[in-house]
Amino acid sequence: METLCGQAYGAKQYQKFGSYTYCAIMCLIPICLPVCLLWVFMDKLLVLTGQDPEIAKMAWRYGIWLIPALFPYSILQSQVRYFQTQSLILPMLFVSLATLCFHVPVCWVLVFKSGLENTGAALSIGLSYWLNVILLGFYMRYSASCEKTRSFILKDVFSSVKHFFRFGIPSAVMLCLEWWSFEILILLSGLLPDAELQTSVISICFTSSSLHYYIPFGISVAASTRVSNELGGGNPEAAQISTIVVMLVTLAEAVIASVILFCCRHIFGYAYSDDKEVVNNVAKMVPLMCLSIIMDSLHVVLA
């Protein structure tokens, strides 16, 4: 969507911009169905890969309760790109803050007071996503700042499907391969001796890398919007300058984050666990994490 909507907005083709947005929503919702089917049989698939049956059962139960979050998430991602491409950041910020204020107490009640425990966390995610979608939808429908871009031509929505998948499938494959590489490591750690320790260490490293990932990801989204707008407006030189600037900013941020993480490697694990063995093993993994953070940050921006 960054590519299609960004260029349409830069070229002031506002109806085409709206058509691309609704096309994305229309295409993403059916894609959720095979993912739901995969989650329904997740326990059997995990057991087939050699995972502990009890852990597999817990993961399956969590996945089942997470299914209601999948559909609003697909809509939300389209809405986010819709607002980002127009540089409408403040509405998303305020809606996200409102959703956070809703999510924290609801999650606490569902996890600790309702008896649902971890499945309550999954359910609260779904409720929060739906709230986010509804609030952004209201803003999109009634705000004057979206007046030009919320309209669409039904014929263009269907004719845009081919363009959407032409850009979307390679991007999705690229992102899936990136994220699956981390997930496969977690699955493989469950097959190692002392699986509980190894899984804990890998999960901590994965979670930490994921938290940092959103910094270069946010920068890359801003860069993608700027580049696509400039290209749509016929300014390739400005797009090239934006790319160079964002690469330098991302590299500087990744190096600073890696240096701080490396200096704190012996105490970093205590943020997740009080187990001395876990903390020591995390410290051994930190140098590799630092290298991964730098390379992953550059990859996110280039992608």
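Quick reminder: no glycine exception, Cβ is built from N, Cα and C everywhere.
Note: TrEMBL annotation is automatic and uncurated.
Feature annotation from TrEMBL assigns transmembrane segment to 20-42 (among others).
According to TrEMBL, the transmembrane segment annotation covers 58-76 (among others).
Sequence-distant contacts of the transmembrane segment (88-111), counting only residues of its own chain at least 6 positions beyond either end whose CB sits under 8 Å from a CB of the stretch, comprise 80, 117-118, 120-121, 123-125, 127-128, 131-132, 135-136, 139, 143, 145-146. The transmembrane segment feature in TrEMBL is assigned to 88-111 (among others).
As annotated by TrEMBL, transmembrane segment applies to 123-142 (among others).
Within its own chain, the transmembrane segment (163-182) is flanked in space by residues 1, 3-4, 20, 23-24, 27, 206, 209-210, 296, 299, 303, which lie at least six positions past its ends and keep a Cβ under 8 Å from the stretch. Residues or ranges marked as transmembrane segment by TrEMBL: 163-182 (among others).
Summarising the annotation, TrEMBL assigns transmembrane segment to 241-264 (among others). With a cut-off of 8 Å between Cβ atoms, the residues of this chain six or more beyond the transmembrane segment (241-264) that come close are 208, 212, 215-216, 219-220, 222-223, 226-227, 230, 286-287, 289-291, 293-294, 297-298, 300-302.
Sequence-distant contacts of the transmembrane segment (20-42) (same chain, six or more residues past either end, CB-CB distance under 8 Å): 1, 4-5, 8, 56, 59-60, 63-64, 66-67, 70-71, 74-75, 77-79, 81-82, 149, 152, 156-158, 160-161, 163-165, 168.
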